[in-house]
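Features reported for this protein in Swiss-Prot:
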- K108: active site, N6-AMP-lysine intermediate (ACT_SITE)
- D32, A33, E34, Y35, D36, S75, L76, E106, R129, E164, K271, K295: NAD(+) binding site (BINDING)
- C389, C392, C407, C413: Zn(2+) binding site (BINDING)
- 580-662: domain 'BRCT' (DOMAIN)
Amino acid sequence: MTNLEKMREKLQDQINYHNVLYHQKNKPEISDAEYDELKKKLAEIEPEIYATQDSVGAPPDERFSKVEHQEPMLSLENAYDEQGVEKFLSKIKRFLIEDKIEILCEPKIDGLSFSAIYEDGRFVKAATRGDGFVGEDVTHNVATIKGFPKFLQGVQGRLEVRGEIYISNSDFLKLNENDEFANPRNAAAGSLKQLDANITASRPLRYFAYSLIGGAEKSQSEVLNKLEALGFCVNEHQSLTSSLDGMLKFYNEVYNCRYNLDYDIDGIVYKVNDLVLQNRLGNTHKAPRSALAYKFSAVYAKTKLNKIFIQVGRTGVLTPVADLVPVNVGGVLVSRASLHNQDEIKRKDIREGDIVTIKRAGDVIPQIVEVSRDSRLPNTPEFVFPEVCPECGSKVRQVEGEAAVRCPEEFACKAQMIEKLKHFVSKDAFDIVGLGDKQIEFFYDLGLIKQIHDIFTLEERLDEFNLEEQSGWGEKSIANLLNSIQSRRVITLDRFIFSLGIRFIGQVAAELLADYYVSYNNWYNSMIELSLDNTELVGIDGIGKKGAESLESFFSKEHNIKMLNDLTACLQILPVSSNSSNSVLNNKIIVFTGKLLAMSRGEAKVRAKTLGAKVSSHLSAKTDYLIAGEKPGSKYKKAVELGVEILDEDQWHKVISLGVFK
């Protein structure tokens, strides 16, 4: 087994182990940050899909009933320095075309997120975040929390309260006399997720409420006041400000007094105070645009770099990774650090055997920030980046202008093929239960799954292969795997596109492509024609030149075309069904030009997409409407020549507010 495979397997085993402890045995051994650290180390193997690998939460625990959130419980975007906060403030000002925006600042409680539902004032249900869309039903457990309101006086209809459950530091010391828990966060998680509510009742759980859905409040500060009036616990540390200086001042004040608090916090949360503006800002794929978590400063530690080894990812990138003498950095035991690429190694002059300084900020993958050259032994050789792939022996290549070095043998390199297969069956792609990393490697080595479509013809080949003779396989486990594969023969278009593992086409880009082309045949036929003209694809808002070039490269290879034909013969790929079928903009291709006065270009695009439109930057005969603001460019003249209907800003506002064109 190669170094890459060993590390990949080790990380996956660790994640699976902690999943069982956290979700099934209620005995978590590591914090959320440490768990995220493992996942992001795993994602480091394939750095180009790092953003698409990140998830909002964890899958719902099968031991509990599932609760679907009416509004997703999204995570927050993170910042780790003042520049990140400044960027957040500037971005929302540009989006809303506002010079002054009121921001509410609150501490970020290091606890467990919850949602509580009230019907006509009566507490009826509570759920965890889960994966952000579906959580676990913990109604009976939340009901045992001392002081948690069971009835809200004068409340009619449905009301949802969200917040954070925690255990205070003083209570944790009493609870943890036998060192059963690693920290207060894990103790709270383990206590809340008990099948026996009596155990939960015996634990000193507390909470802070911070969100109210279904009320009439107009601002976040009003929400907090209302929650307090209804009898909920609300954190006393909060501040309203309209300036960057005010935001940073609150951060510094709380940072300096954090050890005087009787509960753990790991940063500050900034929220746009006006709820109407929050609604206008909307959400990205993973987080609300109206909020930011400014995590506390990075933690540093020194250790020895034992060895630099190379990982080969799904797209062929050779990524150097530092193997370290394990060191505790901010409560997390770090034994690996990212070295990014050969340019980074040369720039910092990193060598095996060096004493290095490790930086860890929040849940970001640890980085080497400094090398102690005074401690370096004489004649320590420079690290030489391999000229051949460590997995298949092929001569590596580096594209001009890129730092990444790649193995070109996309289909002959075992490491790449195994990683492609793992990606294909992963949770966000085909999600084939029972076909995990170890099983993929097992079937690949046996020659039973060499190509992606082999997965769906596995049953036929097993007729000639006695799998029951292999360790760990029996009649039941084989039947379960084949049933799992069979159940995944129907898939949505966006998940199918994502499953192919095309460079620069992550979950968000796959959704954009699916929404734009609607059906697999439309998408496939358009991609086949890319060699003739890719301007339409480049114009799709959010795809860009790199994504278009990557798709063009993918579809130029006969191997990929054959793979798609073989694969689609086994599948049913569902077309996109629009949730905006009654909108006059549904499935219309829209292009913007000129300056809009009432809203930013960014907000206009979001509004258009919400109504089912396809936003493009490329004007063609296929364009349905050109939205023209002040001082329109050459697109206006071209639209006239092509006969594309042109809407001015007043007409545009009628469309998005009234649903009419004139």
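Backbone N, Cα and C define each Cβ position, glycine as well.
This view paints the features noted in Swiss-Prot onto the structure.
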residue: L76; record: NAD(+) binding site; Cβ neighbours (10 Å): 19
residue: K108; record: active site, N6-AMP-lysine intermediate; Cβ neighbours (10 Å): 21
residue: R129; record: NAD(+) binding site; Cβ neighbours (10 Å): 23
residue: K271; record: NAD(+) binding site; Cβ neighbours (10 Å): 23
residue: C389; record: Zn(2+) binding site; Cβ neighbours (10 Å): 24
residue: C392; record: Zn(2+) binding site; Cβ neighbours (10 Å): 17
residue: C407; record: Zn(2+) binding site; Cβ neighbours (10 Å): 26
residue: C413; record: Zn(2+) binding site; Cβ neighbours (10 Å): 20
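Between the residue listed as 'active site, N6-AMP-lysine intermediate' and C392 (Zn(2+) binding site), the C-alpha separation comes to 47 Å. Between the CA atoms of C407 (Zn(2+) binding site) and L76 (NAD(+) binding site) there is a gap of 36 Å. Here the domain 'BRCT' (580-662) has a mean pLDDT of 86 out of 100. Other than the site residues C389, C392, C407, C413, same-chain residues with C-beta atoms no more than 8 angstroms from the centre of those residues' C-beta atoms, the Zn(2+) site, are V312, G316, V388, P390, E391, G393, S394, V396, P408, E409, A412, K414, A415, Q416. Secondary structure at L76 (NAD(+) binding site), taken from DSSP and collapsed to helix, strand or coil, is coil. Within 10 Å of C413 (Zn(2+) binding site), as judged by C-alpha distances, no binding-site residues are found among L76, R129, K271. Distance between Cα atoms for L76 (NAD(+) binding site) and C392 (Zn(2+) binding site): 40 Å, as a whole number. In this structure the alpha carbons, written CA, of C389 (Zn(2+) binding site) and R129 (NAD(+) binding site) are 42 Å apart.
Annotated pair C392 (Zn(2+) binding site) and R129 (NAD(+) binding site), C-alpha to C-alpha distance, rounded: 43 Å. Under DSSP, residues within the domain 'BRCT' (580-662) fall into helix, strand and coil as 29 helix, 18 strand, 36 coil.
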